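Below: the structure, in structure tokens.
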Amino acid sequence: MTTQTSPHPTHRAFLIAGPSGVGKGTVVKELVKRKPDIWLSISATTRQPRPGEVDGESYYFVTDDEFQAMVDAGDMLEWAFIHRKNYYGTPRKPVEEALKQGKTALLEIDLAGARQVRKTMPDVYQIFLMPPSVEHLEERLHGRGTEDEEAIARRMVTAREEMAAQSEFDAVVLNDSVARATEEILHIMGEIV
Ligand code: 5GP
């Protein structure tokens, strides 16, 4: 279910947004597994690593001061304060380098970040990953077991705000199954036809 289904081989920068718990991380992992030449941006964040998360792989885990210094130096392509708790941002240079090298770059960011990227990189192709339902999201967040009740409640507030903005995106992809959503996104990227 997309608003546009034709491939977009001319686009080289893509972003995926969507509410917390929709499965962006899983879909992104699957995309890179299917097409290892997709270059995935690694964000910087002030949030604490979850068990199993590795610095420099999942995120660059930084302090508030380090994050602020990157923002002040103009080193962030975009950044946001998310779930009213932590800073997240996309380091600019690696994205520019990847694009210069002709790679397909993929950013996985939140709505506020997507809105900023649209301004600085107007030809970025924006995909909104949609959950089958709000109830489904909440169940997934509980099932993940990585957030406490308060954090889940905060993420659900953000999720409702984000879902109201789906019409701003070039395509809306329903994450009814990881395999199907991945396939649809690869079509959109022109990686498979
Ligand atoms: P999590 O804490 O679950 O890893 O991520 C929380 C939210 O932050 C997700 O919605 C994710 O898409 C978003 N996010 C991750 N990295 C970035 C980033 O670099 N910039 C922005 N704006 N959002 C990000």
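Here, residue 1 is simply the first one shown, and the rest follow in order.
Cβ coordinates are placed from backbone N, Cα and C, and glycine is handled just like the others.
No curator has checked TrEMBL annotations; they are predicted automatically.
Annotation comment: TrEMBL describes G18, P19, S20, G21, V22, G23, K24, G25 as ATP binding site. Residues within less than 8 Å, Cβ to Cβ, of V22 (ATP binding site) and separated from it by at least 6 positions along the same chain comprise L129, M130, P131, L137, R140, A159, N175.
Confidence over the domain 'Guanylate kinase-like' (11-190), given as mean pLDDT on the 0 to 100 scale, stands at 93. Annotation source TrEMBL lists domain 'Guanylate kinase-like' at 11-190.
Other residues of the chain with a Cβ within 8 Å of the Cβ centroid of G18, P19, S20, G21, V22, G23, K24, G25, the ATP site, are L129, P131, L137, R140, N175.
G23 (ATP binding site) has a Cβ environment of 20 other Cβ atoms inside 10 Å.
The most densely surrounded of the binding-site residues G18, S20, G21, G25, judged by C-beta neighbours within 10 angstroms, is G18. Cβ neighbour count for K24 (ATP binding site): 20 (other Cβ atoms within 10 Å of its Cβ, all protein chains included). For P19 (ATP binding site), the count of additional Cβ atoms within 10 Å of its Cβ stands at 26 [all protein chains shown]. K24 (ATP binding site) carries a helical DSSP state (H, G or I).
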